[in-house]
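Annotated features, as they stand in Swiss-Prot:
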BINDING   Gly155, Gly157, Lys158, Thr159  ATP binding site
REGION    1-72  region 'Domain I, interacts with DnaA modulators'
REGION    72-110  region 'Domain II'
REGION    111-327  region 'Domain III, AAA+ region'
REGION    328-448  region 'Domain IV, binds dsDNA'
Amino acid sequence: MPDLQELWNYLQEKFQTDLTTVGFNAWIKTAKPLAFRANELLIEVPSVLHKEYWENNLATKVVEGAYEFAEIELTPIFVLPGESDNLTPLEPEEEHVLTKAETPTFLRETHLNSKYTFDTFVTGKGNQMAHAAALVVSEEPGVLYNPLFLYGGVGLGKTHLMQAIGHQLLESKPETNVKYVTSEAFANDFINSIQTKNQEKFRQEYRNVDLLLVDDIQFFADKEGTQEEFFHTFNDLYNDKKQIVLTSDRLPNEIPKLQERLVSRFKWGLPVDITPPDLETRIAILRNKADAEHLEIPEDTLSYIAGQIDSNVRELEGALVRVQAYATMQNAEITTSLAADALKGLKLNGKSSQLSIAKIQSVVAKYYSLTVADLKGRKRVKEIVLPRQIAMYLAREMTDSSLPKIGQEFGGKDHTTVMHAHERISQSLTTDQNLKDAILDLKNTMKS
């Protein structure tokens, strides 16, 4: 076992970067590590409220942090003052299952989306190579392109192609063991397996497969323990000539804080990008969607809709749904004129060619009582770092500027700094209501 205080200091540093000062003082500074007990870490917290908060929000971070620090699999046990005196030592074979832990997803069957097949995938210039590579992999898994690494923006069909490989392989070889999972689910399964002492079961589930499909691999960033586990999973499968397919929104070497040995392995096979569909492909996608929904839409109307949306397939199909709903409410046939009314004022992705990075910087600086020079500068104090990251995030979300361009506008910062800021804010938005409110306020201010 590592030194208890050294481990706790490491965990505190992690929490300090993840939590606000108020949150850190309220939850972390009031807790103290007591001792190791078998494969458990006893942590004393001052109240039932603190205990519930730790179990529901912070326990998984303790598991992850312990694995990162010393490659040990610890289960955190939270006790109130005086409770530790009544705890008896655990025998090695005893199991303690946290009541909060859910059944890991690897104990439940993972289903492929029945709609994501090669038959329903519309090919075009932006995805031809990815489609061809996916077909090859589905016919000869583990031979030519291993791993197959599909990368590109949101809503371009990466998940569709990935799952199509699984469907095709199962159709030709029904006995094949196919596993589809998001990177987030893999990480959660790994952490839950430690908490429930099911590590061996976890490894059997993920390593005893013929085809492993892992979606959105970029979310492994900052998860050192999960990366370590996936490294060994990858090696086992690759050495057994089992096929691995990964998707990401960027190339392996552009994923921040991804271990170099994983970057290297992800490049062993074929990295292939998927770009936004051209006009002809967008029309074909809409026609395919309309046929599937049994919609009667004139060709010129499909062309009009395709001309309005050039970002991704998801936005494109969403626009068609919007037009269909509008026609239903109006009790009218779908025409180009009706489509124009339905899509009027629609700002896809919230991006605006009129909105400048300078405007975003000005609004954010005023909101946080800072100067634009603060946002462009290099001071690393928390009161400036967060607003700076928010401004970079909004510049990425609300303008068409490239990463290097945004970095240049923020005092000549590297594009990877912008990528990290966008990733950090995106992840925080899933849990931080105050941040959500601030982003909404800022967006409304800039749109008004």
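Counting starts with 1 at the first residue shown.
Positions of Cβ are set from backbone N, Cα and C atoms, glycine also.
Note that the structure is predicted; figures quoted are calculated from it, not measured.
Sequence features, as recorded in Swiss-Prot, placed on the structure.
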residue : record           : Cβ contacts under 8 Å, 6 or more apart
Gly155  : ATP binding site : Ser311, Asn312, Val313, Arg314, Glu315
Gly157  : ATP binding site : Phe121, Asn127, Ala130, Ile274, Val313
Lys158  : ATP binding site : Ala130, Leu150, Tyr151, Gly152, Asp215, Thr247, Ile274
Thr159  : ATP binding site : Asn113, Tyr116, Asp215, Thr247
Cβ-based neighbourhood (8 Å from the centroid) of the ATP site, residues Gly155, Gly157, Lys158, Thr159 excluded: Gly152, Val154, Leu156, His160, Leu161, Thr247, Ile274, Asn312, Val313, Arg314
The region 'Domain IV, binds dsDNA' (328-448) - residue tally per DSSP class, helix then strand then coil: 82 helix, 0 strand, 39 coil
Helix, strand and coil residues within the region 'Domain I, interacts with DnaA modulators' (1-72) as assigned by DSSP: 46 helix, 11 strand, 15 coil
In three-state DSSP terms, the structure that Gly157 (ATP binding site) belongs to: coil
